[in-house]
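Structure, as structure tokens:
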Amino acid sequence: MSSSEKIYRCIRCGRGFSQDELRILPGLRCPYCGFRVIEKTRPPMPKRVRAV
Ligand SMILES: [Zn+2]
């Protein structure tokens with residue numbers, strides 16, 4: 001299970017970041033601009049590899 005997917009996004013600067021990046025700062029805030037309102041985005045669907 002990967003926690004490096006950018007599943008969070010700051011609603012102010014619009015940058016995406018992962019849960020690991022979120023842990024850098026205490027509390028829930030954007031690691032780039034420090035804004036305290038972030039949203040959780042859906043991770044992209046995993047690509048399926050077609051078996052040949
Ligand atoms: Zn931000």
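Glycine residues also receive a Cβ, built from the backbone N, Cα and C atoms like all the rest.
Here's what TrEMBL has on this protein:
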BINDING   C13, C30, C33  Zn(2+) binding site
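In this view, C33 (Zn(2+) binding site) is surrounded by 12 other Cβ atoms within 10 Å of its Cβ, with every protein chain counted. The binding-site residues examined here are C13, C30; by Cβ neighbour count within 10 Å, the least packed of them is C13.
Other residues of the chain with a Cβ within 8 Å of the Cβ centroid of C13, C30, C33, the Zn(2+) site, are C10, R12, G14, R15, P31, Y32, G34, F35.
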